[in-house]
């Protein structure tokens with residue numbers, strides 16, 4: 001097919017083309033670089049309030065930026081204080097047993113759980129911007145620390161080295177968190193999608209529960225593996241060692257804790273029943289053991305806890321250790337997980353109470369808190385959901401509730417540690433299981449299945465990876481699947497055939513709007529993604545297949561043959577050099593088939609690049625239209641004025657636009 | 001701000017809303033899964049011609065699909081044969097010296113270069129679908145083989161093991177290539193963008209040229225590193241060992257080769273001067289050495305080459321070797337690189353001659369060719385650009401030119417190998433350098449800089465990584481940067497403020513069209529990318545910042561305050577559950593500020609998900625419009641009928657749509 005039979009003999013034919021598609025005004029390279037850097041790293045424009053301020057005011061603002069307490073502190077009132085004291089004492093009653101339990105989970109001395117609930121909350125109260133976050137250790141990060149460090153160093157055989165590595169990992173986690181915040185790379189955390197977190201958390205909770213079988217059944221030896229298969233093999237290979245005393249006690253306390261939560265859920269006013277339940281369990285359990293001397297009948301107890309506040313641990317950071325890389329890896333992985341949980345928790349409460357949280361600033365606060373923590377015998381802390389929810393329900397007003405909690409823990413450390421001597425481990429296991437069961441969110445998984453199957457696959461991938469593989473493997477699978485999804489979206493964008501919505505000049509996908517009319521002789525395609533190297537080959541193939549299919553379809557009908565291909569570029573956000581080559585090739589393909597290529601509604605970035613690469617001249621400025629409607633009108637005009645004999649059934653659809 | 005002051009007391013107010021935004025007809029899960037699988041893996045619908053055919057015809061078509069020679073063979077003519085013989089002899093004259101040179105580059109026996117130009121071209125002629133590709137070894141893959149295997153096994157100390165590992169790597173490369181094709185994963189190769197390849201090739205060419213300093217300067221000892229620093233240190237630490245005889249000879253031949261190429265470029269008719277130059281260099285060099293006995297004066301020669309065809313090497317595949325993982329890694333990396341070059345070359349000539357190449361089918365052909373090659377003493381082959389260009393210029397018609405080349409190489413192997421005894425190594429170095437200089441494509445890099453700065457950064461990253469680090473590092477940097485770009489695009493989509501194009505109902509970006517008018521009281525935002533977990537936090541922040549800025553701007557003016565926020569979803573190709581949560585949060589934010597959220601033109605996928613998650617009910621079906629124009633018209637109608645006292649300066653822009 002030659003070129004002559006479709007080109008009208010004039011290019012300045014009169015057409016309804018009121019506004020030409022504009023190339024955005026040129027910008028200097030550095031200006032556009034600056035703008036895109038700003039969008040990438042400072043999308044929230046954090047320095048906005050500093051503009052046009054005298055230097056002294058800037059200093060005050062700067063200090064308030066780093067230490068938000070300076071901003072809200074002066075406005076603090078007695079009323080707030082009353083609320084914060086109540087909330088602080090409530091979360092302390094939860095923090096003490098949970099702290100001890102989670103430290104056991106990380107194979108660390110139980111006292112570290114109390115240390116970690118003293119210093120970090122004080123640091124966060126100064127630097128954090130959330131009013132509802134309650135700082136403390138979390139089960140998942142504790143488990144991860146235990147399993148990642150435990151792969152290299154046995155905590156029972158070499159407790160000192162293990163402890164030092166845990167401090168070092170916490171230090172690296174803090175440095176990593178703070179650097180993410182300072183370098184404005186907080187968006188890295190966004191790559192852990194909601195679906196990933198749901199699956200990962202549920203998997204981790206399952207794994208943590210499985211680990212508690214050791215405590216519940218009173219076993220001495222247990223597998224180091226965290227996967228379901230290893231744990232089940234370990235449990236059922238030593239059925240003769242199961243202790244019924246321990247199991248009975250565990251089940252009773254678990255029942256009590258779950259009952260307390262059930263009531264609290266029914267009546268949110270009774271939140272304190274659930275919040276106090278762990279502490280009452282600990283008191284009841286300890287009393288029971290003390291009175292019955294059950295520690296001599298197979299019920300393991302915590303034992304001696306040293307009195308006194310956190311000893312310094314700066315000198316214990318093991319930078320010279322051969323296991324430094326393990327500590328670094330553990331720090332980064334646990335740091336990211338802890339950050340993801342802390343930021344998500346802070347954000348959701350802020351959303352609820354209608355204030356704003358700066359993710360990058362929070363990261364700096366978390367990082368500093370962990371760096372200081374690692375120097376004062378604390379291990380990794382963040383803002384756990386369960387504790388923050390209790391804080392919120394208890395009516396906290398500001399971060400002062402964290403200070404109150406820290407003071408309560410301080411008093412415990414100074415005077416009350418001997419009371420925990422007889423606390424049975426099985427109670428701690430029950431507390432952990434009760435907390436973990438709340439993390440398995442079936443509803444969220446079902447919701448994912450209903451709305452987005454791929455999200456569900458990601459979620460299940462993370463769950464199965466964690467439960468049957470390891471915590472790290474689950475995380476890698478989930479992040480890998482999430483990234484794959486993004487890449488697949490870019491590699492396989494959708495191309496949609498558009499049709500005319502009756503009695504309008506609007507063109508929409510024929511799949512979405514089955515009532516649309518086909519325009520004879522014109523194929524209208526919408527490309528639904530940026531055109532990049534990753535999809536340019538695909539798009540070229542797909543566009544030629546659309547043309548093939550359209551020509552096949554028209555061959556058997558009596559309508560006019562295909563003459564024009566209109567590409568709707570409205571959804572093409574950007575294009576790179578491979579994408580431009582693709583367009584050039586499509587232009588060649590259409591030329592060879594005797595078709596005319598028309599572009600509709602290319603955006604600013606696309607026009608800029610098309611202009612620079614001279615593709616605009618190749619295709620002709622007059623073949624680029626502002627809307628699909630205008631493009632169709634112009635094509636129809638050419639079609640009918642050049643070929644007056646062909647069918648003009650569609651004229652009413654375009655005539656009201658011309 | 002309460003809700004009462006902007007909601008009109010009726011929801012069924014009369015509006016110009018002719019077509020409701022449709023939710024696409026529901027599809028069963030498996031049907032939609034099948035459709036998306038097909039789009040992902042079979043976008044080119046390769047089995048289309050098999051439809052509605054009798055079984056016998058299907059068998060014939062199937063055989064022709066696997067062996068394209070069965071399809072074009074019967075139509076082969078004498079005229080084609082004449083052209084193919086000329087082209088085949090021309091490429092053979094290039095293949096013989098290049099084959100020997102590249103085998104030296106991979107630290108393999110020179111004869112392997114000849115073997116690799118005999119079997120693989122025959123296999124490709126049967127299975128390949130390109131008519132212009134000339135099969136043979138390539139410099140970059142040879143260098144990579146040499147450096148990756150050389151890291152583990154010294155080719156001089158342990159030549160047999162090294163040779164066997166090279167065969168094994170070739171085998172794995174073949175298996176990997178064929179599997180990519182069979183599993184329809186050819187799009188993985190698309191992730192090597194054009195910019196990556198330009199930078200990587202230029203870097204590899206630079207590195208290969210640097211390696212030739214050994215041959216040119218006649219050095220015995222040379223660094224194993226491929227980076228610029230190691231090579232320069234190695235060269236300048238042994239200045240006393242430089243051999244002027246060798247250097248002089250090398251420079252002369254290099255000058256001759258470059259001159260030949262210069263003439264051929266000036267007059268494409270003289271392509272054969274350039275094509276024959278390597279062979280004439282080899283002949284001249286060998287004669288010179290033979291006559292002057294220069295081999296006794298510091299000019300190194302190839303030496304003895306065994307006569308005879310490829311010995312079998314199936315038994316040499318070292319699957320039990322402790323270096324198996326090295327061979328596997330080498331195979332995969334070199335396989336991908338070779339594939340990327342071969343596919344790109346095949347595609348560009350096919351585009352030029354207007355026939356179609358199926359990438360996945362080509363991968364199967366390349367894979368089979370390398371698997372068979374690895375069993376017949378060949379190492380990795382592909383379709384090198386230089387040789388294919390010569391083939392094309394020599395007027396080849398079909399893959400028969402590859403068969404002719406193979407026969408010429410066979411004759412060489414059987415009878416002519418003794419002639420290469422005196423061929424000086426320095427001539428081979430000159431041939432390599434001359435070929436490599438052609439791969440450094442400054443113009444392409446400058447073009448990238450002009451059109452797309454990020455592509456240029458990717459290109460330079462690959463170049464610098466290869467030249468100063470290693471070949472693998474350059475590849476990792478380039479692929480990493482390319483992926484980062486895709487991820488950054490998804491993580492930081494553009495949000496554009498739209499304005500009204502005068503005298504129309506069209507709304508476009510105010511940055512691209514500076515003449516657009518703002519609509520008072522209405523903020524129109526276009527989101528330019530799918531809404532995914534990776535960008536949902538950013539978009540929420542960015543949208544609230546747009547609202548902040550708009551409210552700040554309106555505060556100082558006398559116009560109506562902000563009342564409506566319209567999100568143009570036309571460019572949002574897809575949304576996941578995190579994206580839906582983001583929209584719900586934006587809805588809460590706008591509600592709290594007393595603003596009304598309106599959606600315009602959501603696509604099919606998006607509507608489906610919004611419907612399933614009940615967000616349509618949350619926002620209200622009546623607040624979702626087909627176009628921005630309709631949404632603005634409706635908002636304006638509400639604005640003016642509910643608040644008749646406010647300014648109505650803009651009424652003419654919407655009245656022509658209502």
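Yeah, the Cβs are placed from backbone N, Cα and C, and that goes for glycine too.
All TrEMBL annotations are machine predictions without curation.
Annotated transmembrane segment per TrEMBL: B:133-150 (among others), in sequence order.
If you look up TrEMBL, you'll see B:162-183 (among others) marked as transmembrane segment.
TrEMBL lists B:195-213 (among others) with the feature transmembrane segment. Residues 105, 139-140, 143-144, 219, 222, 226-228, 231, 235, 340-341, 344, 429-430, 432-433, 436-437, 439-441, 444-445, 448, 452, 455-456, 458-467, 471, 474-475, 478-479, 481-482 of the same chain lie 6 or more positions beyond the ends of the transmembrane segment (B:195-213) yet place their CB under 8 Å from a CB of it.
Annotation comment: TrEMBL describes B:242-263 (among others) as transmembrane segment.
According to TrEMBL, the transmembrane segment annotation covers B:270-291 (among others).
As annotated by TrEMBL, transmembrane segment applies to B:332-352 (among others).
Tertiary neighbourhood of the transmembrane segment (B:364-386): same-chain residues 66, 94, 98, 103, 106, 108, 112, 115-120, 123-124, 127-130, 133-139, 141-142, 145, 166-171, 173-182, 310-314, 317, 334-335, 338-339, 341-342, 345-346, 435, 438-439, selected by CB-CB distance under 8 Å and a gap of 6+ residues from either end. For B:364-386 (among others), the entry in TrEMBL reads transmembrane segment.
Taken from TrEMBL, the feature transmembrane segment covers B:398-416 (among others). Taking Cβ pairs closer than 8 Å, the transmembrane segment (B:398-416) reaches residues 69, 72, 76, 80-81, 84-85, 87-89, 91-93, 95-96, 99, 114-115, 117-119, 121-122, 124-125, 128, 130-131, 133-135, 307-310, 391 in its own chain, all 6 or more past its ends.
Under the heading transmembrane segment, TrEMBL lists B:423-440 (among others). Within its own chain, the transmembrane segment (B:423-440) has Cβ neighbours under 8 Å at 97-98, 100-102, 104-105, 139, 201-202, 204-206, 208-209, 212, 214-216, 218, 246-247, 249-250, 253-254, 257-258, 261, 277-278, 281-282, 285-286, 288-289, 294-295, 299-302, 385-386, counting only residues six or more beyond its boundaries.
Here TrEMBL flags B:460-484 (among others) as transmembrane segment.
Summarising the annotation, TrEMBL assigns domain 'STAS' to B:512-635.
Outside the transmembrane segment (B:460-484), and at least 6 residues removed from its termini, the chain residues within Cβ reach (under 8 Å) are 140, 143-144, 147-148, 191-193, 195-196, 198-200, 202-204, 206-207, 225-229, 333, 337, 445. If you look at the transmembrane segment (B:332-352), the same-chain residues 6 or more away from its ends with a CB under 8 A from one of its CBs are 128-133, 138, 140-141, 144-145, 148, 169, 172-174, 176-177, 180, 186, 188-189, 192, 197, 359, 362-363, 366, 370, 380-385, 388, 392, 472, 475. The average per-residue pLDDT of the prediction over the domain 'STAS' (B:512-635) is 88, rounded to a whole number.
Remote same-chain partners of the transmembrane segment (B:162-183), defined as residues 6 or more beyond its termini with a Cβ less than 8 Å from a stretch Cβ, comprise 41, 106-109, 112, 145, 148-150, 152-155, 189, 313, 316-319, 321, 323-324, 326-328, 330-332, 334-336, 338-339, 359-375, 377-380.
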